Each structure stands twice: as C-alpha cells, then as structure tokens.
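Asker: So Swiss-Prot lists these for the protein:
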TRANSMEM  14-34  transmembrane segment
TRANSMEM  42-62  transmembrane segment
TRANSMEM  72-92  transmembrane segment
TRANSMEM  96-116  transmembrane segment
TRANSMEM  131-151  transmembrane segment
TRANSMEM  178-198  transmembrane segment
Amino acid sequence: MADAKELKQVLTGPIINNNPIALQILGVCSALAVTSKLETALVMTIALTAVTAFSNLFISLIRNHIPSSVRIIVQMTIIASLVIVVDQVLQAYAYAISKQLSVFVGLIITNCIVMGRAEAYAMKTPPMMSFMDGIGNGLGYGAILLSVGVVRELFGNGSLFGVEILSKISDGGWYQPNGLLLLPPSAFFLIGGLIWLIRTYKPEQVEAKG
C-alpha cells in the first residue's frame, strides 16, 4: 500500500515537475482548440481527468490478466467506454458546452496523455497509485488549459466564464478586444510561452545537448 507521501507526489508531480503539456508535449491539439473560453477549458479538464483517472484504475485492476499481445486493444476499449459515458453525461446535462467542444471529447480516446498513462503507468502500478496518477495528469493538463483560457478569453473577449470583466468599446467602455487571441494559433504561442517559462524556472527539464 502506497504511503501518503508517495500518493502526494504522484498527485502533484504532473502539475509542475512533469506537466504533460508543458514538459512532455502531449495533448497539445485539444489545448489549441478548446481554450478560447474558460468554460470549455474547464469542462474539457474535468472530462479528461475523469477518463484518465478511471481508465488507469480499471486497467490497473485487471493488468495481471491482460495478455501482452492484446493490451492496447483492451486499454482502448476501456478508454472508449469511459469517453462514451462522459460524452453522454455532457449531452444530457451540459448540451450547449457539449456542442462547443464538438469532436474533442470523442478524441480523448486517442489523447496521448490518456494512452500514455495507461500503458506506461497503470499496467505496472497498483490501482490506488494509478488512480491518483490519472487525477494528477488531468490536473496538470487542466493547469495549462485554464491558464491559456484565462488569457485568451479575458484579452480576446474581455470576459471570464462569459461575465464581462473589461468593458468593451462597443458597449461604451474602454477596452478593445484582441480578436487574434480567439484564433487557435494564439494558443500555440501562449503554450510555447508557458513551456519557456517553466523550463526557465526548472532548467533541469531542458534536454541535454549533443
């Protein structure tokens, strides 16, 4: 049984020390697409965290009974089943957001973070540690999404969660929204800036030359 210190490290490690987007460069595609609004970024974070945590848990529970030759198929079946459940829940209780997220919830099935943790961690680790690892990686993914989402929605539309923060000129205020921040390429540059900041703060994460 893992002790509290180990569980804490597994839970918090992926947020800064081994962030799946900023340091492993995984899950970038969805980060570019769903961060124009903080609301969609938050829902995507919750969806991916739930899928990663529970897929890790279920795969870890049966890891000793999965033949090596079909392990990827088993992993994808479990992940796909969880994604379908999440998608149906979103359509039932948050239909408008589900429409905004479009295909990106379904594409969690092939998300590198989910697949990577299932194969590299859950297949070799007890259930509780695997579950916490899934939550930790989901939170790490969410930390980047929400950071980018705040900048894009605040300065691109003058609002957060749809609530006006900066009064727009068109409404008699002072702020002129920067429409470029609402385009997917802006997220690419913002994520690049976050990667630079994190690697400046943690130089040990920079790959050795030569």
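Each residue, glycine too, has its Cβ placed from N, Cα and C.
Not measured: the values here are computed from a predicted model.
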Asker: Of the listed stretches 14-34, 131-151, 178-198, which one has the most C-beta pairs under 8 A with the transmembrane segment (96-116)?
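Answerer: Most Cβ pairs under 8 Å with the transmembrane segment (96-116) come from 14-34.
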Asker: Hey, which of 14-34, 72-92, 178-198 has the most Cβ-Cβ pairs under 8 Å against the transmembrane segment (131-151)?
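Answerer: Checked against 14-34, 72-92, 178-198; highest Cβ contact count belongs to 14-34.
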